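Under the heading substrate binding site, TrEMBL lists SER7, HIS65, GLY141, TYR142, GLY143, GLY144, ASP174, GLY175, GLY176, GLY196, SER197. For HIS32, ASP34, HIS65, ASP174, the entry in TrEMBL reads divalent metal cation binding site. Residues or ranges marked as active site, proton acceptor in TrEMBL: ASP34. The active site, proton donor feature in TrEMBL is assigned to ASP174.
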Amino acid sequence: MTKVAPSLLSADFCNMEQGVRMMERAGADYLHCDIMDGVFVPNISFGFQMISRLNEITDIPLDVHLMIVQPERYIERFAQAGADFITVHAEATDHLQRVLKQIAQCGKKPGAVLNPATPLEMVKYVLDDVDMILLMSVNPGYGGQSFIPAIMQKVEDLRTMIDTTGKKIDIEVDGGVDMKNCTRLREAGATVLVAGSAVFGAEDPAQAVRVLRGE
Ligand code: DX5
Ligand code: ZN
């Protein structure tokens, strides 16, 4: 079944706990936490302390999306802070396979992320090392951007690539996911949908989560 991971980037940063409780009531499967360093992406969000506090106050698994250069420098600290999934950009490290191993060694679920223009070949030889591949459907940095239509085909192609290996790997899609494109995304093979504005901006977040999940 499709999982929904609301992005806390769209929450009110002065009322983060309220945002978390709202997502618990809405039935979110994971909490998507966007870590931005102002170098890999042109924005700065939050870091270890936020992950650590989130881990203390909720049982929802934390899906930590690292938009930072050389993520290998910080894997242990995010693991200790309480991340459940740690996803790293293929474009941000020279040694993707090594970082993915490092995440697994910390007992966390590793994922590789690709920016919209990055070809799927970048992850072809690390499929043994991931639980999840995250395809960006916007250029990372900000919430509220529009879905890049070409990514629909990329999801289909990745689904074919994964299925031919017989492995069970989630395909997560992040950026501009909404009520209009979620059905096609699920049909294309996405299994985890990240949604910031579509859930936090909804009048009824629980209903938004159900629609995204296809219920
Ligand atoms: C973008 C982030 C996303 C963002 C999604 O850089 O990685 O997780 O919060 O927000 P929406 O769903 O509003 O595009
Ligand atoms: Zn994200």
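Heads up, the Cβ atoms here are built off N, Cα and C, so glycines get one too.
The secondary structure of SER197 (substrate binding site), as reduced to three states from DSSP, is helical.
Taking CA atoms as the reference points, GLY143 (substrate binding site) and HIS32 (divalent metal cation binding site) are 12 Å apart. Proximity of the binding-site residues ASP34, GLY141, GLY143, GLY176, SER197 to ligand 2, judged by a Cβ distance under 6 angstroms to any of its atoms, singles out ASP34 in sequence order. Taking the Cβ of ASP34 (divalent metal cation binding site) as reference, residues of its chain lying under 8 Å away and at least six apart in sequence are, in sequence order, SER7, LEU8, LEU9, SER45, HIS65, MET67, PRO140. Across the structure, GLY141 (substrate binding site) and HIS32 (divalent metal cation binding site) are spaced 14 Å apart at their Cα atoms. When the alpha carbons of GLY176 (substrate binding site) and HIS32 (divalent metal cation binding site) are compared, the span between them is 14 angstrom. For the binding-site residues shown (SER7, SER197), fewest C-beta neighbours within 10 angstroms: SER197. In this structure, the C-alpha atom of HIS32 (divalent metal cation binding site) lies 10 angstrom from that of ASP174 (substrate binding site). The record gives HIS32, ASP34, HIS65, ASP174 for divalent metal cation. Within 8 Å of the mean position of their Cβ atoms, the other Cβ atoms in that chain belong to ALA5, SER7, LEU9, CYS33, ASP63, THR87, LEU134, VAL194.
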